[in-house]
Amino acid sequence: MNLIPTVIETTNRGERAYDIYSRLLKDRIIMLGSAIDDNVANSIVSQLLFLQAQDAEKDIYLYINSPGGSVTAGFAIYDTIQHIKPDVQTICIGMAASMGSFLLAAGAKGKRFALPNAEVMIHQPLGGAQGQATEIEIAATHILKTRAKLNKILAERTGQSIEQIEKDTDRDNFLTADEAKEYGLIDEVMQPEK
């Protein structure tokens with residue numbers, strides 16, 4: 001069961017109830033808190049485009065707590081982040097794994113963050129194939145092309161060599177927030193404001 005909290009905002013015109021995500025959107029905050037599929041990607045892309053239309057100069061904040069998901073859905077979000085004019089700050093809370101870590105690295109350089117106890121996991125794309133040998137060969141060729149594209153982008157976003165990315169993503173590779181900073185996936189580990 002998915003409960004979405006409601007917040008009440010009082011203004012001089014009365015009270016207004018918002019679901020929490022709509023209220024956060026007013027402050028240019030988008031929450032990616034689930035696996036990434038086409039529906040989630042469409043929602044995130046729509047919010048990014050809406051916020052750009054509202055103000056193309058102000059930063060957008062994308063909070064990520066995601067186990068990853070569909071590569072094509074993730075690329076839809078990634079390409080939109082790169083396409084729109086406002087800088088997108090990415091902040092890892094909890095876990096950014098797989099495509100979640102790819103989107104974490106997609107933020108504007110200098111504006112990619114993780115909380116101190118957040119974890120980041122990188123690996124190669126996963127896939128499966130069945131059917132006739134030719135269908136399996138087509139699927140294998142496609143996943144190898146996808147892996148090469150992901151590795152090239154990760155190398156550009158992190159400053160690591162493609163060879164290093166290939167080595168480090170061969171298996172699940174879990175990083176602490178500090179290790180993610182050292183690797184180049186993020187720029188800073190956020191410290192408590194207290």
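Cβ atoms are placed via backbone N, Cα and C, with glycine included.
Listed features, source Swiss-Prot:
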{"type": "ACT_SITE", "residues": "Ser98", "note": "active site, nucleophile"}
{"type": "ACT_SITE", "residues": "His123", "note": "active site"}
_I want to verify one value. Collapsing DSSP to three states, which class is the residue listed as 'active site, nucleophile'?_
coil
*How many whole Å apart are the CA atoms of the residue listed as 'active site' and Ser98 (active site, nucleophile)?*
6
